[in-house]
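> Below, the features straight out of TrEMBL:
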DOMAIN    1-141  domain 'Amino acid permease/ SLC12A'
SIGNAL    1-15  signal peptide
TRANSMEM  43-65  transmembrane segment
TRANSMEM  97-116  transmembrane segment
DOMAIN    249-524  domain 'Amino acid permease/ SLC12A'
TRANSMEM  284-304  transmembrane segment
TRANSMEM  335-356  transmembrane segment
TRANSMEM  386-403  transmembrane segment
TRANSMEM  409-430  transmembrane segment
TRANSMEM  442-459  transmembrane segment
TRANSMEM  465-483  transmembrane segment
Amino acid sequence: MIIIGLCCLCTFLTAISLAAIATNGIVPAGGSYFLISRSLGPAVGGAVGFLFYIGNALAGGLYVLGASEILLKYTCPNKCHLFGPPIENQQSAFNHYRIYGTILLLILGIVVFLGIKIVSRIAPFTLLVVFLSLISILIGIIKSAVAPTYLPICIIEKNNIKHLIKSSILKNNVLRYCHPNATCNGELCPLHQALCLNNMSRNINCNDMNNVYLINGIPGLKDSQFSNNLKATYMNEGEIDNGIIGDSTLEVVIGIFFPSVTGIMAGSNRSGDLKDPSQSIPRGTILAVITTSLIYILIAFLMACSTQGVLLRDRDGLSINQQLVEAAVAWPSPYVIITGALCACFGAGLQCLIGAPRLLQSVAKDDIMPILKPFQSTFRDEPFKALLFTLALSEISVLIANFDVVTTMISEFFLMCYLSVNFVCILQTLLHEPSWRPRFRFYHWSLSLLGVIVCIAIMLISSWYIALISLVVGAIVYIYIWYTGANKEWGEGLKGLPMSVAHVALSHLDDRPTHTKNFRPQILAFIKCIYNENQHRWMIQHEKILDLLSQLKAGKGLVIVATVIQ
């Protein structure tokens, strides 16, 4: 609940800041990039906007990876297997994800190329299927209070800790082979062979065979599982349980979950296609964040009330014949969840591939990065070159194929953008910018400050070194924009920062005599200038006097040079 709450709080606070920016004047095409860059300036805004684009492009590949995993593990684990070891082998799974992911990414790229109208027609259908799948989970959980689903799982208990047994070890027949007997019909039982001969686990041995028993993985709401699941059942670091190496840290969990709450910029990314972005972006974004947050919390709570905790940590469903736990709970069929998960992945992938090229095109059209000039062009009203580049970046996620790495990378890039949105609002409010007059009544700068703190906390918890890499990438882009001369006047909030600092510093000066320790020379030098007819400019008659003045102030004082020109 803390992990879900922290991630949802981050996006909710950012959505409020985004609503404040969206209601502060007109929001043209460019969406979230425009909002950030016009407030932070070309260099900082361009760097953050480019990082946000990278995050969106990599996320497109992540959703394709998710669809590939569902197809391979839960739709056709045997028929879709092409080569090498079984899908349960991690390296074999990665190779299959790369092949299937590349094919699916090309299909999504073609759909996006056909135009935003096609995607807009597909979106309601995918949303409907996702909604029905969520309803089926809730109905299944409520149904479990009356007639629980019988899902047998094999448990071996040691030191009051329950360990799951892979269904593949039991030849996918849990009911028949989950018992402590050594022989089955004159042959060695598979569980006895795994524990006593093959040494499946370092923590469980042959002496623990007497503690093997069968339980229902989904006892339902009436069995008061919530009180049982309040106790920790985490795996210890390095522990081999169910063929999965345990990890006692929170980094991987938060890194994997955070991309689930991203997507709040989808509406602002398509601001050029919205009729009234100043009204649609705040209303749609905040309602979407509240809705999804409630769904996440509700489903997590109800699953904890109806399901064995030891089963919930089996993320790949290896103890229940490779099924999704949510699919086993759902009513009337597990395929509703499989279909809903596929539609969710395809829908989110299409949103990324629609929004990211337009975001890149907006950065290119601002002409602050000369290297991006080729991406200014369009083909059939679509940013075709930007789409191709986006597909190439998405393919990087597909080729990495490791969800733990990809999700953490994406989380860091998104968090950089969210942090910037919150920081922009704080900056504009505290500097009292004349143009900063948001019409969103629920905004307060303290909420943006809390958003900044939460973003930094999640960045450091998820992966401090990937956060450092994202900062380095942003710094490189910033230096590139700065060196190539981003001479744009956008009326950004940072322009008011030097004036505010100078105003505060001057207001703290007084006319009292300066203490000897704090003495700094302040020299007003009246010198003579002559007009050079050949060079057509004014020149100091005695330039050596500047050297004398520099020595007098000793590098620590202030020299003001004045002259009179007739």
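Backbone N, Cα and C define each Cβ position, glycine as well.
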> Would you mind listing the long-range same-chain contacts of the transmembrane segment (43-65), meaning Cβ under 8 Å and 6+ residues beyond its ends?
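For the transmembrane segment (43-65), the far contacts come to 32-33, 36-37, 97, 101, 104-105, 108, 259, 262, 265, 269, 345-346, 348-349, 352-353, 355-356, 359-360, 362-363, 366, 368-369, 389-391, 393-398, 401, 403, 406-407, 409-410, 412-414, 416-417, 420, 470, 473-475, 477-478, 481-482, 486, 490, 492, 494.
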> Which sequence positions outside the signal peptide (1-15), separated from its termini by at least 6 residues, show Cβ-Cβ distances below 8 Å to it?
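Sequence-distant neighbours of the signal peptide (1-15): 250, 253-254, 257-258, 260-262, 264, 285-286, 289-290, 292-293, 296-297, 300-301, 415, 418, 421-422, 447-448, 450-451, 454-455, 457-458.
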> Treating G and I as helix alongside H, and B as strand alongside E, what does DSSP give for the domain 'Amino acid permease/ SLC12A' (1-141) in helix, strand and coil?
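Once the DSSP states are binned, the domain 'Amino acid permease/ SLC12A' (1-141) shows 115 helix, 0 strand, 26 coil.
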